[in-house]
Amino acid sequence: MLAQLFALLPLLAVASASPIEKRDDSVLIRAGRDGKCLALAGLPNTLKYNLIDNGTPVITTDCANANTWSINRGSGSITVPNTGYALDIGLNPGNNGALKVWTSYPGAKQQTWYYTDDNRIAQTGGNQCLDEGDNGVQTYECTTGNTNQIWYTGAGSGSSTPSTTTASTPATTTAPASSGSDPLPSIPKGDVPADVAGQGKRIRLVGRDDLCVTVAGGFAGINTRVGLASCFANGDTFTFAQLFDVPAQGSTGPIRVHSSPNLCLDAGSNPSNGVGAKLYTCYDGLAQQQWTYSGTTLRTANNQCFDIVKESSQSFEKPYPTDRDAQTWECSNNGDPYQQFEVLA
C-alpha cells in the first residue's frame, strides 16, 4: 500500500484538497506505537479558554487528555473541530520536524494530508509521514514497515474540551488554593494537584498555587531552562518536571530535581539581575546552587532571588509550553509578588 501511496502523491498534490463527503468529525488520532493520541499542547486550557493560535504545537499525550480531530480517508485537511485551525507541517518539512496548527487554508500544501488504507498519515505530494518517535510525534520520511508511522482513529474519552483526569492518573486530593492576590491574572486558573509524600515537592507561585516552577522541554538535563507553567496532575507523563527536593524552611541547600538528583537549580557563575534560571550538574557546596528558603523567597548568598519575568510570555515549545520565564533578580524588600514561592505541606 505504501508503494502505491508514493506513486499517488505527486498526482494528489495538484488535486483539490476538499474533503470527501464521508468524514470523521470528532475522533481521536492514536499512535500505533505507544497508544498515545495526537493533541494540542497546553490542554485543557488551550481549548477551554480559546488560547489556540497560529503555531500552537501539536504533541502526543494520554488519550483521555487529548482533543479530537476531523479527518477523512484519502486526501484532505486534518482540523480541530469548531476552531478553524488545521494540522500544519510547515513550508520546509523534513525529518524530526515539529507539528503545529495554523489557520485552515483548504488546499494549502502544508495542510493537505493523505490518510492511507494501511493507517499512515502522509503529506500529500511529499515524502513525510506523521511519526511517533522516542520524544513524541514528529515528521519523518515515510518508510515501509515503520510502525512508528501507524495511526488509528476512533471514538474515545477525549473531547473538544478534554478532562484533566486520565485513566492512568490516580485520583488525588486537591490542595487548597493560596489566599494571596493573583500576581498573574492573565493566565487562566487551573487545578491545584496535591504533592504526594516522598515524591518531591512542587514550588508554587504565592497567590497562584496552580502555577509551578517547571523544567522546560520535557527533559531534565544540563543547561535545561526553568520556567513557570500550569501544574501537571499526579501521574501525568511530565509531572517529574515540577517535582523538586527543596531545603527545609529557614535552611540553605541545593534544590534538586527529585527524579534526577544529580541536577540542581543553578543561578550561574555570577548570580545577577536577569540571569536565566537553569539546571546544572550538582556540586556539593557550589555557591550558585545554594538556595536559602526563607519565608516565601528562594535566595542566593549574594541577595539574588528566584524571580518570574512578568513581562515574558507563553513559550510554545514541545512537548508543553511554559507560561513565564524565570531568572534571578535582586531580592525585594517590599514583597515583590514575582519572588514569592511556597511549598505546600
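Yeah, the Cβs are placed from backbone N, Cα and C, and that goes for glycine too.
What TrEMBL records for 1-17 is signal peptide.
The domain 'Ricin B lectin' annotation in TrEMBL covers 25-154 (among others).
Under the heading region 'Disordered', TrEMBL lists 153-195.
Under the heading compositional bias 'Low complexity', TrEMBL lists 158-181.
As annotated by TrEMBL, domain 'Ricin B lectin' applies to 199-344 (among others). Within the model, the domain 'Ricin B lectin' (199-344) carries an average pLDDT of 94.
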Secondary structure content of the domain 'Ricin B lectin' (25-154), with strand meaning DSSP E or B: 13 helix, 56 strand, 61 coil
